[in-house]
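Colleague: Just dropping this structure here.
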């Protein structure tokens, strides 16, 4: 239960130092006082605690984020606004962003996940885009533990409950399991929107005398100081603090979304800027809008719609009540905008104005309760240049894992049941993937695909994180995660356009954790430049620790690609017997960090291979060219579990088996060498396909009998499709005590 905030005098704040509990250091308090020219009062110190948090100021991560490559010929708007925007031709643009809601979901899984969905949707429609798809990336602890099972059930319910109710399809995602996430689950949500590229909106408040209009849910005491809550380590006591978690209302969000899209689409002459009230609530949205326009601003807090009595200025400004937006509207157009919101039965009020100068002023009950420079809460927030230190695990010599396989069919069956590999349909079937009727490829293939209405084109989209790689090679995890997402899009027939990211790491004040963050970013940068697909949006979620124990470093990549012709959409499933099976790319004995290593040892050890970006580019360009020439009937990237796992997955939907003959040791069928694809080609297209002279080797053919017959250099074995599929489909429901 939330404890009502008790205001303190500036003198009491200076001596009792309550700001320490809000995430500010003594040095930061002194610096803020210097910037504003007086001892901060209760409201002002609250605003600083929110705006100077890592969640809002990126004070530890900004030096890393500034190195990202964020522009190319397609990018219309990059990081810094609610979401990034990319030109997709024909007057249209795609808008997308991912956000994390990790800490709230650990405390209150249903509402934490639901409000994470709501927040990222608002980011998209604040740009003027209609949200058309949701994706997620989830990470949980040991699935055998009841607490993990509870988190899985409630987080999935929260995502589905909000997305289904608002009418946006959840079309893709991933779910991973590892003990490092037992106390700190990861909930990363991504939203994609489509818009006319000449209607892009920004979050700015410019023009002296222009009005600030608040619209949406009334402000309450939920989620107060949530930005600071998300910018610190967890303890067991804090894990029980549900007052820091917001409560969402998807039906209110639907009204708010439709009303805002009407404003951005049909009342552009009235609108100066628009922004979601997300982390740090009203203070963040308002002061950021003023900062971007180099303006001053005054707000009357008595005019803020409130659902609870006697709220203090601290509470009003730092509440993170959901489903709220702030608009800057040109003088003389206020009633036009208010009338639109009235049509949707939304609470809306003029709560302030843009003023001359650069001060940020708040009035409450006729009293000036905040008078600080806008820059003191935005541009002048501290930036810390940390020095990283290589973790001991990376500096120490480590032996390569060399698996021994005596019963390949049993190993294959067990691999299909590994929590990270196993079928997740029992989870994603709780999401509506087809609302809006644009979804062409449903969850379960390499990437989701939605059509772009009014055209012959489509968008492919996917998410992925790579925690295990980061344990073994810090820079490689960002690289591998990026490349894996690109392969997913290419296998669907799409050219990657750009990415959004969520960088989920531990405490950045610890040199080893900061090293992991910085090195992962370097890997992402290298891949974005090599493939001309920049970072256009994202967020950082640090302090993912409980009682000093951190999660695995986990960069999450969300990627969107363009399919020029609907007829070239490709899925992973076998299509017909007698199609030829080709393996693209070389296979090596890469078992360190693999699912096979986890199965046989329960550990993740060893060093990872180096990445060959040029070879990866060659493979992806070859596959995309073959797909665009209509030579490929099915395509699947090889990742978790390697060749044999991918082969089985391709057979399940059509109930088709395969015969393959590979010049590899049996164990290498489970190797996780990167940069590989499995392709199927109809016999009549064999000559045309091989005439492309790509890095592809014919290894077998699809067969009608539901058996996988495999010949390696040292063994011949046969596995029943039914046996593999049963293991694949029943593993997760069994753990969750569900019926398959």
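For all residues, glycine too, the Cβ spot is worked out from N, Cα and C.
Straight from Swiss-Prot, here's the annotation block:
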ACT_SITE  55  active site
BINDING   58, 97, 501, 538  ATP binding site
BINDING   99, 539  Mg(2+) 1 binding site
BINDING   100, 101, 102, 103, 122, 246, 320, 321, 322, 541  substrate binding site
ACT_SITE  101  active site, proton acceptor
BINDING   123, 276  Mg(2+) 2 binding site
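Quick one: where do these features end up spatially?
Modeller: In the three-state DSSP scheme, residue 55 (active site) is classed as helix.
DSSP assigns residue 97 (ATP binding site) to a strand.
Using a 10 Å radius centred on the Cβ of residue 99 (Mg(2+) 1 binding site) and all shown protein chains, the other Cβ atoms total 23.
Cβ neighbour count for residue 102 (substrate binding site) (all protein chains, 10 Å cutoff from its Cβ): 25.
The number of other CB atoms found within 10 A of the CB of residue 101 (active site, proton acceptor), across every protein chain shown, is 32.
The DSSP secondary structure for residue 123 (Mg(2+) 2 binding site) is helix. The Cβ neighbour count for residue 123 (Mg(2+) 2 binding site), using a 10 Å radius and every protein chain shown, is 26.
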Colleague: Cβ within 8 Å of the ATP site centroid (58, 97, 501, 538 excluded): which residues?
Modeller: 65, 79, 98, 99, 500, 502, 503, 535, 537, 539, 540
Colleague: Here are the binding-site residues: 100, 322, 539. Which has the lowest count of other Cβ atoms within 10 Å?
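Modeller: Result for the binding-site residues 100, 322, 539: minimum number of other Cβ atoms within 10 Å at 539.
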Colleague: At a 10 Å cut-off from the C-beta of residue 122 (substrate binding site), count the other C-beta atoms across all protein chains.
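Modeller: The answer is 27 other Cβ atoms.
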Colleague: Among the recorded positions 55, 58, 100, 322, 501, whose Cα is within 10 A of the Cα of residue 539 (Mg(2+) 1 binding site)?
Modeller: 55, 58, 100, 501
Colleague: According to DSSP, does residue 102 (substrate binding site) fall in a helix, a strand, or coil?
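Modeller: The three-state answer is helix.
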Colleague: If one measures from the C-alpha of residue 501 (ATP binding site) to the C-alpha of residue 322 (substrate binding site), what distance in angstrom results, rounded to a whole number?
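Modeller: For residue 501 (ATP binding site) versus residue 322 (substrate binding site), the Cα atoms are 23 Å apart.
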